[in-house]
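J.: Here it is, the structure in full.
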């Protein structure tokens, strides 16, 4: 039996070709993604088999699976007591939120669950009869979401903090995406913490009017350059009032920033890795222990804010996407989740939650993070076995006689302790000195911006990074206080700089309400909302330039205290209303004038002559 030769239509052929290209692109992307997935490999040399170490890191994954979520205030979720709410799109479409009924409740965990299809057990089509907390979406599946209470306490602000904590340092590898079931907020801030929630710094502002709400210029991530990749911007792109349902996402654009160095499609990843190796600020920008979304003002559309419309104003989040990986300093390829805690499975003879120190017995050189370069295997910078005098002088130096026996002078003490791998300097120095007067041994020449007897403190102008251990070279972070907004270049233990009057923010680079930024914060005297009066002109928001004849902060006062006090100033005369002579006349003269007008309007006066 002869087979019929199939005919391939041009459209089908093009489709298959496109599919083949997509598969190839996926394979390339997968291969790129799997680089740095081996920490060591077996090699054979003349001396026999051995290990060759490589820089390695865990694969990127959905980090929301490991996050602890907290809502502030705790009672902000709808349903206790039951509450009716309506939509802005259709004021007649209203529903009930009731925390006591699973099908009508919207708890916080519904921000992170998978949304099942119709007929599945989770939807109720099987025997599970599980939690619903949603409605049928546009794609035919169930849309589940968390929802806040409505704005029933207006004019008190309706504000919510959604905080995700990992209890460990992680690195973002993709955009942070928050999908709203309701309209997107009119004002929102995304914050991050590097010290487990002790201090926070903003990474992006969102508003429908950046200048009005945050006193910032509106920008997009696409407008950033390599020099401004870590700049905190305010964007109006995700706060529009009327959008299609599929456009209700708010993003923190990680890929747009990395594409500045790796190119479109991240094809030149070697360039990106070179920047990450050489620019600690860029790497730190994508690193965090906690992430917080501050919802500051719900969308109100074009409806008038009154008691009848308050049930339309609320927040509802259907999904939160955070992709990233554990920070393991390129010393681990796996990150395990045990007993509610993320931990790196460290290689290269390292240990610690972030592989941030060398194992005991492998401190032959100072600990160092791995590097991405030379691409594609990187540099492992593995910890090596101890060398030199293993019995050294580690341990207790409390007795003066023992110290004198080993350390007859400062110079010889330096020589003895230099070879001791257990020198108690937390890896920031390998030189110690004995101070005879105090009978102590102290580290000298502390590196990595550290100081102290054991290099355990930070130099002035730096503060302690509590997300890493004491022996991490990044344990001290530069304060980076703003030169114009801060009193000096030093900060407290949480990185907060001391700000000048009217200035705020962690680095003193933001202005308090009523102030504006111009090489420091200055009081706002006038702007487009607080305008100069009587023809005055606002000069750099700092003063009103008044026309002749007026004075005051807003040119609200007239200098003309008497009729002739303004002289012959034409500008002053133009702004004053002309004097009305009738208003200056006496009441009797005015009465006679009105009587005369009435007589004239009555026509000619007839003279009556008596008849004889």
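Just so you know, glycine gets a Cβ as well, placed from its N, Cα and C.
From TrEMBL, for reference:
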SIGNAL    1-31  signal peptide
DOMAIN    52-325  domain 'Laminin N-terminal'
DISULFID  479-491  disulfide bond
DOMAIN    479-523  domain 'Laminin EGF-like'
DISULFID  499-508  disulfide bond
DOMAIN    522-556  domain 'EGF-like'
DISULFID  546-555  disulfide bond
TRANSMEM  579-602  transmembrane segment
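Quick one: where do these features end up spatially?
T.: Mean model confidence of the domain 'Laminin N-terminal' (52-325) amounts to 85 (pLDDT, 0 to 100 scale).
Its own atom aside, the Cβ of residue 479 (disulfide bond) has 24 Cβ atoms within 10 angstroms in the protein chains shown.
Outside the domain 'Laminin EGF-like' (479-523), and at least 6 residues removed from its termini, the chain residues within Cβ reach (under 8 Å) are 195, 198-201, 215, 460-464, 540-542.
Close to residue 499 (disulfide bond) in the fold, though at least 6 residues off in sequence, lie 485, 486, 487, 505, 508, each with a CB less than 8 Å from its CB.
Mapped onto three states, the DSSP output places residue 555 (disulfide bond) in coil.
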J.: Counting only residues 6+ apart in the same chain, whose Cβ is under 8 Å from the Cβ of residue 555 (disulfide bond)?
T.: 532, 533, 534, 535, 536, 544, 546, 547
J.: What count of other C-beta atoms do you get within 10 angstroms of the C-beta of residue 491 (disulfide bond), across all chains shown?
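T.: Its Cβ has 25 other Cβ atoms within 10 Å.
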J.: For each of 508, 546, count the other CB atoms within 10 A of its CB; which of these disulfide-bonded residues has the top count?
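T.: Compared across 508, 546, the most Cβ atoms within 10 Å surround 508.
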J.: Which residue counts does DSSP yield for the domain 'Laminin EGF-like' (479-523) in the helix, strand and coil classes, in that order?
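T.: Helix, strand and coil residues of the domain 'Laminin EGF-like' (479-523) number 0 helix, 19 strand, 26 coil.
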